[in-house]
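Enquirer: Take this structure, written in C-alpha coordinates, and hold onto it; I'll ask about it next.
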(Lines of atoms letter the chains of each structure in order from A and count residues from 1; the text may use other names and numbers.)
(Lines give C-alpha, C1' and ligand atoms only; values in the text may rest on other atoms or scores of the structure.)
Protein backbone atom coordinates (compact mmCIF):
# COMPACT_ATOMS: atom_id res chain seq x y z
CA UNK A 1 0.00 0.00 0.00
CA UNK A 2 1.35 3.41 -0.93
CA UNK A 3 1.23 6.16 1.67
CA UNK A 4 1.47 9.72 0.40
CA UNK A 5 2.88 12.17 2.94
CA UNK A 6 1.73 15.82 2.86
CA UNK A 7 5.02 17.09 1.40
CA UNK A 8 4.99 14.37 -1.25
CA UNK A 9 1.35 15.14 -2.03
CA UNK A 10 2.25 18.80 -2.65
CA UNK A 11 5.05 17.69 -4.97
CA UNK A 12 2.62 15.41 -6.85
CA UNK A 13 0.16 18.30 -7.25
CA UNK A 14 2.98 20.49 -8.61
CA UNK A 15 4.02 17.83 -11.11
CA UNK A 16 0.45 17.20 -12.25
CA UNK A 17 -0.30 20.89 -12.72
CA UNK A 18 3.07 21.85 -14.17
CA UNK A 19 2.82 23.66 -17.48
CA UNK A 20 6.40 22.70 -18.33
CA UNK A 21 5.36 19.42 -19.93
CA UNK A 22 6.90 18.93 -23.36
CA UNK A 23 4.97 17.56 -26.37
CA UNK A 24 6.93 14.31 -26.32
CA UNK A 25 5.99 13.78 -22.66
CA UNK A 26 2.48 12.96 -23.89
CA UNK A 27 3.96 9.60 -24.83
CA UNK A 28 3.66 8.34 -21.26
CA UNK A 29 0.87 5.86 -21.95
CA UNK A 30 -1.02 3.80 -19.37
CA UNK A 31 -1.01 0.19 -20.59
CA UNK A 32 -4.30 -0.57 -18.83
CA UNK A 33 -6.59 2.21 -20.06
CA UNK A 34 -4.43 3.95 -22.72
CA UNK A 35 -4.58 7.32 -20.98
CA UNK A 36 -1.75 9.61 -22.13
CA UNK A 37 0.04 11.43 -19.31
CA UNK A 38 2.24 14.54 -19.45
CA UNK A 39 5.14 13.03 -17.54
CA UNK A 40 6.43 9.82 -16.00
CA UNK A 41 5.45 11.18 -12.56
CA UNK A 42 1.91 11.87 -13.74
CA UNK A 43 1.70 8.33 -15.15
CA UNK A 44 2.86 6.83 -11.83
CA UNK A 45 0.23 8.86 -10.00
CA UNK A 46 -2.44 7.92 -12.57
CA UNK A 47 -1.74 4.21 -12.12
CA UNK A 48 -3.19 4.40 -8.59
CA UNK A 49 -6.65 4.34 -10.20
CA UNK A 50 -6.00 0.77 -11.31
CA UNK A 51 -4.82 -0.43 -7.90
CA UNK A 52 -6.65 -2.52 -5.34
CA UNK A 53 -6.47 0.17 -2.65
CA UNK A 54 -9.88 1.74 -3.14
CA UNK A 55 -10.63 3.26 0.25
CA UNK A 56 -13.39 5.65 -0.81
CA UNK A 57 -16.59 3.68 -1.58
CA UNK A 58 -19.71 5.33 -2.95
CA UNK A 59 -22.66 4.90 -0.59
CA UNK A 60 -25.14 4.92 -3.47
CA UNK A 61 -23.65 2.28 -5.76
CA UNK A 62 -21.00 -0.44 -5.88
CA UNK A 63 -18.09 1.72 -7.06
CA UNK A 64 -15.06 2.56 -4.89
CA UNK A 65 -12.28 5.03 -5.62
CA UNK A 66 -8.61 5.43 -4.79
CA UNK A 67 -8.96 9.20 -4.34
CA UNK A 68 -11.49 11.15 -2.29
CA UNK A 69 -11.67 13.78 -5.04
CA UNK A 70 -12.72 11.08 -7.53
CA UNK A 71 -15.51 9.95 -5.22
CA UNK A 72 -16.79 13.53 -4.84
CA UNK A 73 -16.71 14.04 -8.60
CA UNK A 74 -18.55 10.75 -9.13
CA UNK A 75 -21.32 11.63 -6.66
CA UNK A 76 -21.74 15.14 -8.08
CA UNK A 77 -21.86 14.06 -11.72
CA UNK A 78 -23.55 10.64 -11.58
CA UNK A 79 -25.91 10.72 -8.62
CA UNK A 80 -26.62 14.37 -7.82
CA UNK A 81 -26.30 15.58 -11.40
CA UNK A 82 -25.66 18.93 -9.75
CA UNK A 83 -24.41 21.55 -12.19
CA UNK A 84 -23.80 24.31 -9.69
CA UNK A 85 -21.72 26.60 -11.93
CA UNK A 86 -24.13 28.66 -14.06
CA UNK A 87 -23.19 31.05 -16.84
CA UNK A 88 -24.64 34.53 -16.26
CA UNK A 89 -24.74 35.23 -20.01
CA UNK A 90 -26.76 32.18 -21.09
CA UNK A 91 -28.56 29.19 -19.62
CA UNK A 92 -25.55 26.83 -19.63
CA UNK A 93 -24.60 25.09 -16.37
CA UNK A 94 -21.49 23.10 -15.53
CA UNK A 95 -20.28 20.56 -12.99
CA UNK A 96 -16.92 22.30 -12.59
CA UNK A 97 -15.83 25.95 -12.40
CA UNK A 98 -13.00 25.32 -14.87
CA UNK A 99 -15.54 24.21 -17.47
CA UNK A 100 -17.61 27.37 -16.90
CA UNK A 101 -14.49 29.51 -17.38
CA UNK A 102 -13.58 27.68 -20.60
CA UNK A 103 -17.16 28.16 -21.85
CA UNK A 104 -17.12 31.90 -21.10
CA UNK A 105 -13.78 32.38 -22.84
CA UNK A 106 -14.69 30.38 -25.95
CA UNK A 107 -18.36 31.35 -26.38
CA UNK A 108 -18.92 34.78 -24.88
CA UNK A 109 -15.46 36.34 -25.08
CA UNK A 110 -14.72 34.66 -28.42
CA UNK A 111 -11.20 33.72 -27.35
CA UNK A 112 -9.59 31.27 -29.77
CA UNK A 113 -6.30 30.15 -28.19
CA UNK A 114 -5.99 26.88 -30.15
CA UNK A 115 -4.33 27.60 -33.51
CA UNK A 116 -3.92 25.22 -36.43
CA UNK A 117 -0.31 24.97 -37.62
CA UNK A 118 -1.41 24.05 -41.15
CA UNK A 119 -3.85 26.89 -41.89
CA UNK A 120 -5.05 30.20 -40.35
CA UNK A 121 -7.94 28.61 -38.38
CA UNK A 122 -8.29 29.27 -34.62
CA UNK A 123 -10.54 27.48 -32.14
CA UNK A 124 -11.96 28.10 -28.69
CA UNK A 125 -11.74 24.45 -27.65
CA UNK A 126 -8.89 21.99 -28.06
CA UNK A 127 -11.25 19.23 -29.17
CA UNK A 128 -12.51 21.46 -32.01
CA UNK A 129 -8.93 21.94 -33.23
CA UNK A 130 -8.35 18.18 -33.04
CA UNK A 131 -11.52 17.47 -35.05
CA UNK A 132 -10.52 20.13 -37.62
CA UNK A 133 -7.06 18.62 -38.06
CA UNK A 134 -8.44 15.09 -38.44
CA UNK A 135 -11.01 16.10 -41.04
CA UNK A 136 -8.93 18.55 -43.11
CA UNK A 137 -5.21 17.91 -42.56
CA UNK A 138 -4.82 14.13 -42.40
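Just so you know, glycine gets a Cβ as well, placed from its N, Cα and C.
Dumping what TrEMBL says about this protein:
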type	residues	note
DOMAIN	56-84	domain 'C2H2-type'
DOMAIN	85-113	domain 'C2H2-type'
DOMAIN	114-138	domain 'C2H2-type'
Enquirer: Roughly where does the domain 'C2H2-type' (85-113) sit in mean pLDDT, to the nearest integer?
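Expert: The average pLDDT of the model in the domain 'C2H2-type' (85-113) works out to 91.
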Enquirer: What are the DSSP helix/strand/coil residue counts across the domain 'C2H2-type' (56-84)?
Expert: 13 helix, 4 strand, 12 coil
Enquirer: Run through the domain 'C2H2-type' (85-113) and tell me, per DSSP, how many residues are helix, strand and coil.
Expert: 12 helix, 4 strand, 13 coil
